[in-house]
Amino acid sequence: MSVPFDPASYDRQLEEKTARLRELLAPFDAPEPQVFDSPREHYRLRAEFRLWREDQKRYYAMFAPGDNKTPILLEGLPIASQRINALMPVLRERWEASPTLNHKLFQVDFLTTLAGDAMITMCYHRPLDDEWLAAAEQLAVELDVSLIGRSKGQKLIIGHDYVTEKLDVAGRTFSYRQPEGAFTQPNGTVNGKMLNWAFDALGERQDDLLELYCGNGNFTLPLATRVRKVLATEISKTSVNAALSNLDDNGVDNVTLVRLSAEELTEALNEVRPFRRLQGIDLKSYDFGSVFVDPPRAGMDPDTCELTRRFERILYISCNPETLAANIAQLYDTHRIERCALFDQFPYTHHMESGVLLVRR
């Protein structure tokens, strides 16, 4: 996939997104959204490239949506972080100089952080052997990165299979492990703005928080400092393990994390059936005043949406404003929008991240 890059059009496209969000939320008497912009370039902390062979050489390539046969060959990527742009030509030089690193290499993924960490994943159509491992270990030292080699049924790790990010929220620095292959917010600067907005919107509370779709604990860590205790759910095993590490690394000890889907937790809270993963957790001991949701693009299913209606405050981060509006429509008879925001996670595309605080009428 390629992303059009036109900094001169940035202000106009951000205003178009803001107008679109206003229009979607207008039926619900929403206040004017706070708008959080993005850096105009070098904002994307991860990038995935297929490699295209031409003139006996391999080039970084991306493809336009719907066309996987016409490569766009790249020397650099202006939307990607400066670290990725610095690594791209050096890595290419190294694989061109090394038959071991070059042979049947077909994809390269980069993951970086604002804190300066970097990881490269090199994917192959062949088994990786000791010769590859020796060359990769030398490469990782030269580039000062963690490096992962992947082939079918094989994953070799040099360094770590995660990067470490550090983000400041209300004067406190939180450290995050971001595992290879797991979801992370791609725009680190805007992610920091989202965390601070959510922290401020939740406010200081004397009750408990339910969090659905907690991922690696991106929002969990700062929000846990605002409440008595948190019950958080996540279905991805990789994300659950990362979240547990992040809670421990940051000394956050008032969070209970369960590996359940939002739909399963709804059944548990409605006492439809017991869940083995909830053994030892007394759901009745929680005094939930707020729920935080950050669902996938499909939004909340109707049952989960009904579950959130029980809460005085619903803090909702959305990557799809259309499904956000549909969920608000379901809740509007009992909750009103007190705050809303637009976060420009994805400049130069139609995608937008938004947030709303819904409060019971």
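Positions of Cβ are set from backbone N, Cα and C atoms, glycine also.
Just one of GLN185, GLN330, GLN345 is listed by Swiss-Prot for the same S-adenosyl-L-methionine site as TYR213, ASN218, GLU234, ASP294, and that one is GLN185. Long-range Cβ proximity for GLU234 (S-adenosyl-L-methionine binding site), meaning a same-chain Cβ under 8 A and a gap of 6 or more residues, is found for TYR213, CYS214, GLY215, VAL240, ALA243, LEU257, ARG259. With GLN185, TYR213, ASN218, GLU234, ASP294 listed as the residues that bind S-adenosyl-L-methionine, the site has a largest C-alpha separation of 16 Å. Among the recorded positions listed here, namely GLN185, ASN218, ASP294, CYS319, CYS319 has its C-alpha nearest to that of GLU353 (active site, proton acceptor). DSSP assigns GLU353 (active site, proton acceptor) to a strand segment in the three-state reduction. Checking each of the binding-site residues GLN185, ASN218, ASP294 against CYS319 (active site, nucleophile) by C-alpha distance, the shortest gap belongs to ASP294.
Those residues of the chain, other than GLN185, TYR213, ASN218, GLU234, ASP294, with a C-beta within 8 angstroms of the mean position of the S-adenosyl-L-methionine site C-beta atoms are PHE183, CYS214, GLY215, ASN216, GLY217, PHE219, SER239, ILE317.
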